[in-house]
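Visitor: So TrEMBL lists these for the protein:
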COMPBIAS  101-111  compositional bias 'Polar residues'
COMPBIAS  112-126  compositional bias 'Acidic residues'
COMPBIAS  200-223  compositional bias 'Polar residues'
DOMAIN    1-295  domain 'SPX'
REGION    99-223  region 'Disordered'
TRANSMEM  402-418  transmembrane segment
TRANSMEM  430-463  transmembrane segment
TRANSMEM  483-505  transmembrane segment
TRANSMEM  526-544  transmembrane segment
TRANSMEM  564-586  transmembrane segment
TRANSMEM  607-635  transmembrane segment
TRANSMEM  661-678  transmembrane segment
TRANSMEM  690-711  transmembrane segment
TRANSMEM  731-750  transmembrane segment
TRANSMEM  771-803  transmembrane segment
TRANSMEM  815-837  transmembrane segment
TRANSMEM  858-881  transmembrane segment
C-alpha cells in the first residue's frame, strides 16, 4: 500500500485538508527531477504537470522544496495548537464536572435531555456526540458556574451556552465556556475564571481540585480502585438518576477519547509523511536533506516534541481513568477495551508480497493483464454478446466464450458416443483430452476450472486401469484414491515452496535492494542500461518466477521513463526487452515457471538442479545477448527523436541496511536452494525436492515473516487496528491447480492406455528420423503452439507427447525431449498474449494513459526473438543436454 493511500484511509474525514499535502510535495519532487535533467517542458510530463501543479520554475538546490516543507509544517502546527487548546480545555471541564458530581446535586435525566432535542439512548446519539458536555436544559447551562484548572477562587463567571464543537474536530464535544486551557503536568496553568456550583459541598470539592484537577482526579481514581471503592457510592448506584448520569458521562468521555486519539494519530501520520517525502526527495534528487530537516525543523516543532506527545498520552490515560470510575465500576481493562471499540479504524501500512499486489489489482479491475491466461477474464471486462435468446426466465446473451464452450461440450459428447478406440477407457480418455484441450485453448472457462474437471471426469467415466498389467478397470473408489494421490505430487510442493520464497523476498524488500544495487552499476549508456535490465529480469525470474519479475522491473524503470524526452524510442525498447528477458528467464531454473515443474514431473529419473542450470543458464545468456542486439537494431534507443545522443539517469542503490528479518530470510533461502542443488546426493535423507520445499514454508510462516490470514503486528501507525494480511491466500493457487490438473490428465492418458494407441502414429511420424531431426520438428511445433496459448498449457499438452516420442526412438531419449519442450515453451513470445511477461508489458502506459507498445512491436520484435531463442535451444541447448547425459 502506498503512503498516499494509507494517509487517505487513516485520516480523520473532518481534518482531511489539514494533513500534510503529500501528493503536492511528491509532484514537486518530480518537477525538480525533471528540471535536473533539462526536460522541464517536454513530452507527456508537461501535460501532467499542468494538471497537478500550478508552480512555475524548478529548483535543484532544495531551497524551494524546503520552503514548501516549511509551509506544510507551519500549517500543521497551527492546526494542532488550535485543537490542543480546545481539547485540553474540555478535558479540564470534564474532570471538574466528574469531581463535582454528587448524589444530592441537581438531578438530570434522559427525559430532561429529550426536552433539549435528544431522546435517543444510543451511544452514537447525535446531540451528545457532537454537542458539548453534560446535557442539561438551557436554564441549567446558563446558571451553572465552575472553576477551571488554575482559576482564582472566588472569580466566577457566568457560562454561556455553546452549541458547536471546535472547528474541524472529529466527533468531539464542544466547549461549554471560554475558560482557560488546562496544561497537564507542564508549565503554569492558564489564568481564567471558572463556574461555581450552588452547593457549598461541591464548592469545597471544586476548590480542592482547582489547582490541578486532573492530578487530583487520577489520585482519587487510583485510591478508589486499589481500595475496592465504596459499593454504595454514586458511580455504582442503580438509581435512575445515577444510571442516566453514567450514560451521559459515558458519551461525553467516549467522544473526547476519540478526539484525543485522532489528534495523536494526526501527529504520527504527519511525522510519517515528512519522513517518507524527505526520503523520496533524497532518493530522486541525490540530496541529503532528510536527516537535517527532521532534526532541525520537524522534531523541534510543537506537535512532534516528546513533551507534547506525552501530554496527549496522559490525557488519554486520564480519560480511561474517568471511564473506569464512571462507567465500568473500577475495571480498567474493560474500560480500555470498550473505548477502543469506538476508536477510529486505521489501516496498517505494511509491504505487500508480489502475489498479493497482483491479486489485489486483479480484484480491483486494475490488472496488468498477466492473470487473464490463468483466471480467464479480467474483472470488470465482460465479453459483449453477439445476440440474445429470450426465454421465460429472461434473456441469455450469446457470447464468443459461450459458443466456444458449447462447441467443446458438443465435441465431447460426440466422442463419447462414437467408438474410435479399442476399449471404452481409451475412448472416454480421448474425449476428456479433447475437451480439456479445447477449453484450455479457447479459455471458454477459467483455465484452472478446466483443470478441476479432469479428476471429476476421470473418476466419473472410469478411465483408470489397474497398474498390475491386467487391464482391469478400477472402481470409482479406487480411481479416486489414485487420481488424488498423483495430483498433489512433490512437484506441486516445489511450486508452493517457490511461491513462498518469492513472497518472503518481496515482502522484506530484499528483491528490490538486490536489484537496485545491481542496476546501479549499469551507468548511463542506454544500450548498457537495457542489457542490465534484461539480465536482472532474467535473474529475478529464476527465484521469484517470470510472473513476478516483470512487475518488479517495471516499477524500477518508472523514474527513468519519467525523465525521457518526448517520443523517445528507449521507452518501448526497454519495456519489451524486460518482457522478452523474463520469458527467457522462465527457462533458467526449475521454479522459474510452471512448465519447468511439469517437465520435472514427467522425467524419470528427474534431472537435478545442477544439471538444469548447466543447460539452461548458457542457453538463457546467449538468447538474451542475441535478442538485445536485435532490439538495438530495431529501436536505436541510444538516440532521442531528434537524433541526439541520449543519456539515462542512473539508478541509485538503496542505502538501507539489512535488518535481522532480512538476514534470516536470506539465510533460509540460500539453505533451501543449496539443498535443492545437492538433492540427488542426499536423496536417502530428504527423499525429494518437494520435501525440501517445506523448509521455507515452515521457516517463514512459522516465524511470522509471512502470514496466513491473521493480523498484522507491525504497524507504522500507532493506535491502529490490525487488518488481515493474507500472504498464504494470495499465492497463485490458480496456477497450482492448473499444474495439478495437467499432472492428473497426463497420468490418466498413460493409465487408460490411450498413449499406447498413439504408438503406431508416432512410429510412422518419426520413422526414418534421427534424434536431431525429431528435435527440429518438435521445436517448430512447440514454438507455434506456445506463441498462441499459455506456456503452461502448452507444456501440459506437449510434454506427454514429447515423452512418448522420446520413448519410441531407436535410441530412446525421453528426458531430453521433455526438457527441450519445457525450454521451448518459454520461447513463444511473438504475441501480446504469449505468456505472463508479454501480457504485463502490453498494458504498460505512460503518464497520460498512452500504451508504450502495440501489436506491431510484438510482431516486429517478438516473433524474431522467439525464432532466435528457439534456435538457441535447438542447437546450443541440444548439445548441452547431450553433454549432461539426457
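Using the three backbone atoms N, Cα and C, a Cβ is placed for every residue, glycine included.
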Visitor: State, in range form, which of 402-418, 564-586, 607-635, 690-711, 771-803 has the highest count of Cβ pairs under 8 Å to the transmembrane segment (858-881).
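Guide: Checked against 402-418, 564-586, 607-635, 690-711, 771-803; highest Cβ contact count belongs to 607-635.
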Visitor: With a Cβ cut-off under 8 Å, give me the same-chain residues at least six positions beyond the ends of the transmembrane segment (402-418) that come close to it.
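Guide: The answer is 427-428, 430-432, 434-435, 438-439, 442-445, 461.
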Visitor: Mind checking which residues of the chain, 6+ beyond the ends of the transmembrane segment (771-803), have their Cβ under 8 Å from one of its Cβ atoms?
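Guide: Distant contacts of the transmembrane segment (771-803): 373-374, 437, 440-441, 447, 586, 593-595, 598-599, 602, 735, 738-739, 741-742, 745-746, 749-750, 755, 758, 809, 811, 813-814, 816-818, 820-822, 824-831, 833-836, 866-867, 870, 873-874, 878.
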Visitor: Out of 483-505, 526-544, 564-586, 607-635, 690-711, what stretch is closest in contact terms to the transmembrane segment (815-837), meaning most Cβ pairs under 8 angstroms?
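Guide: Comparing 483-505, 526-544, 564-586, 607-635, 690-711 against the transmembrane segment (815-837), the winner is 564-586.
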Visitor: Before we move on, state whether the transmembrane segment (661-678) and the transmembrane segment (731-750) share at least 3 Cβ pairs under 8 Å, counting only pairs 6 or more apart in sequence.
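Guide: Contact between the transmembrane segment (731-750) and the transmembrane segment (661-678): absent, because fewer than 3 Cβ pairs are under 8 Å.
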Visitor: Taking a Cβ cut-off under 8 Å, which residues six or more beyond the ends of the transmembrane segment (731-750) line up next to it in the same chain?
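Guide: For the transmembrane segment (731-750), the far contacts come to 355, 371, 374-375, 429, 432-433, 436, 446-448, 450-455, 458, 463-464, 483, 486-489, 491-492, 495-496, 499-500, 503, 547, 594, 597-598, 601-602, 792-793, 795-796, 799-800.
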Visitor: Other than its close neighbours in sequence, what residues sit by the transmembrane segment (690-711), given a CB gap under 8 Å and a spacing of at least six beyond its ends?
Guide: 353, 489-494, 496-498, 500-501, 503-504, 507-508, 661, 664-665, 668-669, 671-672, 675-676, 679, 722-729
Visitor: For the domain 'SPX' (1-295), would you mind checking the mean pLDDT of the predicted model?
Guide: 59
Visitor: List, by number or range, the same-chain residues at least 6 past the transmembrane segment (564-586) whose CB is under 8 A from its CB atoms?
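Guide: For the transmembrane segment (564-586), the sequence-distant neighbours (Cβ-Cβ under 8 Å, at least 6 residues beyond its ends) are 39, 42-44, 526, 529-530, 533-535, 537-542, 546, 549-550, 553-554, 557, 592-593, 595-596, 620, 623-624, 627-628, 631, 634-641, 646, 648, 791, 825-829, 834-838, 840-841, 844, 846, 852-853, 857-858, 861-862, 865, 869.
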